[in-house]
Structures are given as C-alpha cells and as structure tokens.
Amino acid sequence: MVCVILQCVATLNPFLGILASRQKHALPDLPYDYGALEPHISAEIMQLHHSKHHAAYVNNLNITEEKYQEALAKGDVTGQVALQAALRFNGGGHINHTIFWTNLSPNECLLKPWCDGHLTSGDLMEAIKRDFGSFQKLKEKMSAATVAVQGSGWGWLGFDKENGRLRIAACANQDPLQGTTGLIPLLGIDVWEHAYYLQYKNVRPDYVKAIWNIVNWENVGERFKAASK
C-alpha cells in the first residue's frame, strides 16, 4: 500500500504539475471489510467513501493527467497551468485516502505494543513524549487542530525530517501534506463531511474522538520508522 502512495507522490508535483509517468492510477483495495470499523465508522460510510469518493479522485486524476500530457506535447503552457488545480485536488485526494485506509484497523488490540487505541512503547512513543509531552497530549492537540479545520480538509501527524521532530498540521480540501508543507505524513484524519456525516451528522468532535479507537499504530509506527531513516 505504501508503494502505491510513493508512486502517486512521484508522479504528482502539486506546485509545478510535472508528471513523471503516464501509468494509470488505480483504486487500492481496503485491507478490511467495509463493516470492519463499526461501530466507530459505519459500513455505509466506508462503502461510499471508498468506492465512490476515492474512486472519483482516481478517475479524475487519470483524466487530468491525460489532458496534461496532451498540453505538454503541444507545448501549451496555458493549458498546463489551467490543469494545476485539478491535479492538486484529485492527486491529493488519491494520496490522502490511500494513507487514510491503512492508518485505520479493526484489530487495534491485536497489535502490540498498543491496545485500546493507546500507544504504550516503542520509538514512536518516545518521539511523541519528546515532542508533545505525552500520548494523551498528542491526541488532544491533534484532535483540536482537526476539529478546527474550516470547511473540508484533513488533520495530520507528520514528521519534519529536517528537524527530526513530529508536528501536527491541518490541510484544506485535499491538499497533500508533504507536497504543501514538506512534512512526511504519518497519520491523517479526514474531516470532509462525507467521511462522517451519515453517522455523526454535524458533530465532528464525536467522529474525531471515535476514530482514535481504530488507529492502526503499527502502520503509523512503520511510517515513522521509514521517515526517520
């Protein structure tokens, strides 16, 4: 799954729109059933979110890349510039959701050394204590930043490779974290309404609180390990 993300990152530059490959992007399979995250996220939400919303980003990204290649072949700079917003939105949507699905797990208590959505040990935990004071403070700060996103967007735990520190950030719409802030994404929380409205209505804080119960800390830890090299 991580390879899919890296491939997408390699083929999309949100600022310059330079495409390195014409290979088609594909909707990744979920590593669990649509109903596996209940009661925290309903099967109906997961099915719509994955098979409709993420699929639309993938489809529109492929269409936009084809148009971009045509403009590039014609030397049509105006056309290339005009496609930047669509590349950023749909490319970011594909990157963000590919990360999001793997950040979640129905088996959080089967993954040691964490249980009940609480990380208890390991290199990532030590970094969290160093940069936030405690795991609880990380949850509080990231939850607050995520709930506070105006309109649609994402809350992120990212890694600042230059300074070797963990950081919390929020991105509007589908802006990809690394392409817009330079932070390497470790954990993302989608706060577009399609991610929670059918179940939580307009009470975004309840959704954000619930999602901590299904964070796949094994996946987040692997991302941190890779980013720290």
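Every residue, even glycine, has its Cβ placed from backbone N, Cα and C.
As recorded in TrEMBL, the features of this protein are as follows:
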| type | residues | note |
| --- | --- | --- |
| DOMAIN | 24-105 | domain 'Manganese/iron superoxide dismutase N-terminal' |
| BINDING | His49, His97, Asp190, His194 | Mn(2+) binding site |
| DOMAIN | 121-223 | domain 'Manganese/iron superoxide dismutase C-terminal' |
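Ranked by how many other Cβ atoms sit within 10 Å of their Cβ, the binding-site residues His97, His194 place His194 at the bottom.
Using a 10 Å radius centred on the Cβ of Asp190 (Mn(2+) binding site) and all shown protein chains, the other Cβ atoms total 24. Neighbours of the Mn(2+) site: apart from His49, His97, Asp190, His194, residues of the same chain with C-beta atoms within 8 angstroms of the site's C-beta centroid are His50, His53, His54, Phe100, Trp192, Ala195.
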